[in-house]
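Enquirer: The transmembrane segment annotation in TrEMBL covers 12-30, 75-95, 102-123, 129-146, 219-239, 251-278, 299-317, 345-369, 381-403. Annotated domain 'Lipase maturation factor 1/2 N-terminal' per TrEMBL: 124-284, in sequence order.
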Amino acid sequence: MGRLNDIFTKERFLTAISFIYLFAFTSLYIQLPGLYGDNGITPVRLLHIPKPSTVEDFIKEPNLLRLREYLNLDVYTMLELCTLVGGILAFLAAFSEDFRTFGVFLMMWMAYFSAVKVGQVFLWFQWDIMLLEAGFIAILLAKLSASFPVRYSASDAISLWLLRWLLFRLMFSAGVVKLTSNCPAWWGLEALHWHYQSQCIPNPVAWHAHHLPGWMHNFSVASTLIIEILLPLLFFVPLRLVRLFSFYSQLLLQGLIILTGNFNFFNLLTMALCYSLLKDEDFNTRRRKTTGISSRLSNLLSLIIIGVVLVFGGYLFNFRVTPEYTITSSVGFTKAQFNQFLTHAVSYSICAAVALFAIQVYCSLVCALKTQKLWRKCAELAGVVAVGIIGLALLFSSFVPFANLDGQSVEKLPVSVRQIHSQLRPYHLTNAYGLFRR
């Protein structure tokens, strides 16, 4: 794995998540008085937030509001300070590479974690916990300091892989839970007949979308399920055209949701995670190798894979073009067949994730060992080992909420894996996703 494979990918993701932190902190800061002030809906002064007795006690719950007594501040003022500082750091990181460092991302994560801990129902949405999970991986991805001479290290590939795994779990879960909810609207592909007018804060474009022909609503639901359930299986295929197809298909879905809905920074964060599907060559046409038999075979294989997935998706949802040039669609499988698929998909995905993560760590170790200077080689190896161990813990922890998708696989996980999830759960480092989760 080339050292220059992911520099642009890394920088674009860190820039994107800095902007998302900025949106999150700014939005929260404006709403603080009405939500958490003394006369707010849920005043934070009523919460019991104990002062940490030891450093170890604070590490167990790194809520910055617990340190308020050292600054002689009340709970609300400390929350305001954390949000303000987080917003300032996010602004600096968004516009300057010098501030996209380990320490800055750690402080932003702790500030938002502190807000979530006291935010109660207003910060219990899946985009809040998703920002904490993605934000923690950003800490691992960021350079140690502004003066650090290396823009890309061997361990970065591990962090980017973790982002891709997060994106896979997010999208796959988002599609699966629509069907496991057993809602007739989803199984009948009719959810969009009501979604646009019943969603939170409908926008003007949603009004026009609501008045589209019924067959387009059904086709859109089926297409969404294909993009969310089938296409994530392509995220780990190491072929350029497949990666680009996966990237743009997810961007298309998120872009349409942004146009017709209001889901805070959720879709923007999902789009930021999509950067993990790309390599540097995808940002620079001069680096692309378009000649040679290997390139042609790769492109041919990519087109075959993409074609098979799309045709299979059309088969599953009975796509038919009518003489009136409309498209009819319906679910072409039973609930029992879907549940059987889900059980196998979850189990195989977990096994594949372990194997792919091990391969990625091995590639990163090889990359570190190829470093010329001794001090750099030692630093690279230390980074790969540290990020590899942390990444392995995150991977194992993520298996628990992911295995809960089918309600059966979680019991098959080793006890040690479930214990890791139990230990990390208070930090919201790995989470369950899906708006319609049971």
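Using the three backbone atoms N, Cα and C, a Cβ is placed for every residue, glycine included.
Automatic prediction, not curation, is the source of TrEMBL annotations.
Just tell me what is around each of these and how deep it sits.
Expert: Long-range Cβ contacts of the transmembrane segment (102-123) within its own chain (Cβ-Cβ under 8 Å, at least 6 residues beyond either end) map to 14, 21, 24-25, 28, 31, 35-36, 41-42, 44, 47, 49, 61-65, 75, 79, 82-83, 85-86, 89-90, 92-93, 129, 131-132, 135-136, 138-139, 142-145, 427-428.
Distant neighbours of the transmembrane segment (129-146): 10, 13-14, 17, 20-21, 24, 98-106, 108-109, 112-113, 116, 153, 155-156, 158-160, 162-163, 166, 170, 265-266, 269, 272-273, 387, 390-391, 394, 427-431, 433; these residues of the same chain sit at least 6 beyond its ends, with a Cβ under 8 Å from one of its Cβ atoms.
With a cut-off of 8 Å between Cβ atoms, the residues of this chain six or more beyond the transmembrane segment (251-278) that come close are 9, 12-13, 16-17, 19-20, 23-24, 27, 125-127, 130-131, 134, 160-161, 163-164, 166-167, 170-171, 196, 199-203, 205-206, 209, 224, 227-228, 235, 243-244.
Residues 189, 222, 225-226, 230-231, 233-234, 237, 239-242, 245, 329-333 of the same chain, all 6+ positions outside the transmembrane segment (299-317), place their C-beta atoms under 8 angstroms from a C-beta of that stretch.
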Enquirer: If I count Cβ-Cβ pairs under 8 A between the transmembrane segment (345-369) and each of 12-30, 75-95, 219-239, 381-403, which range comes out on top?
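Expert: So the stretch in question is 381-403.
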Enquirer: Residues sitting near the transmembrane segment (12-30): Cβ under 8 Å, six or more positions beyond its termini, same chain?
Expert: 80, 83-84, 86-87, 89-91, 93-94, 100, 105, 108, 111-112, 115, 123, 131, 134-135, 138, 141-142, 160, 163, 264-265, 268-269, 271-273, 275-276, 283
Enquirer: What mean pLDDT does the predicted model reach across the domain 'Lipase maturation factor 1/2 N-terminal' (124-284)?
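Expert: On average, pLDDT over the domain 'Lipase maturation factor 1/2 N-terminal' (124-284) sits at 94.
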